Amino acid sequence: MMEFIYPHTHLVAGVDEVGRGPLVGAVVTAAVILDPLKPIVGLADSKKLSEKRRLALFDEIKEKAIAWSLGRAEPHEIDELNILHATMLAMQRAVAGLAVTPEYVLVDGNRCPALPMPSMAVVKGDSRVAEISAASILAKVTRDAEMAELDLTFPQYGFAQHKGYPTAFHLERLAEHGATAHHRRSFAPVRRALGIAS
């Protein structure tokens, strides 16, 4: 893995996404500029934290960050653009939504969206860069809450449990009940459930 050198600048935003793999719902992104004078203990990749810890950190990040913002790309945008381009769009929206303009942006993964300021992709950034960890927590808690809400409308699919990922249970329910308006039509399992040849 390439050595990561933190940029020598004051306002650094971290950006991450949640929800590229699910068959349903939006891809959700977050951008966060942390305040070095208000450290947050325990930031880590959101996937490695318990739900209780994520929720506590979610509130602390929003309270202590210099700026934070959420972005998203809806299922119809994912279907029109493809998941990669929709994710880049959602990241651009998160950065554009920051109340304070960052001087530099660090993005989790190996690809950066086109941004008006310098940026760098950081592989495994969600466990290496505090700002990206914070962004991953905001994005995951937000998307998980949306899946829990969708579960209330469509309890037969089990969205609260699998968060829309293609688990055996989800695929079984998709075959049995068909797709909701929130499913991503361009994803192969959804196309199969709708009887659309891929």
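Cβ coordinates are placed from backbone N, Cα and C, and glycine is handled just like the others.
Per Swiss-Prot, the features are:
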BINDING   ASP16, GLU17, ASP108  divalent metal cation binding site
DOMAIN    10-198  domain 'RNase H type-2'
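Its own atom aside, the Cβ of ASP108 (divalent metal cation binding site) has 27 Cβ atoms within 10 angstroms in the protein chains shown.
For GLU17 (divalent metal cation binding site), the same-chain residues 6+ apart in sequence whose C-beta sits under 8 angstroms from its C-beta are VAL27, VAL28, THR29, THR87, ALA90, MET91, ASP108, ALA139. Counting every protein chain shown, the number of other Cβ atoms lying within 10 Å of the Cβ of ASP16 (divalent metal cation binding site) is 31. Per-residue pLDDT, averaged over the domain 'RNase H type-2' (10-198), rounds to 95. Surrounding the centroid of the Cβ atoms of ASP16, GLU17, ASP108, where the record places divalent metal cation, the chain contributes additional residues within 8 Å, namely VAL15, VAL18, THR29, ALA30, MET91, VAL107, GLY109, GLY125, ASP126, ILE132, ALA135, SER136, ALA139. In three-state terms derived from DSSP, ASP108 (divalent metal cation binding site) belongs to an extended strand segment.
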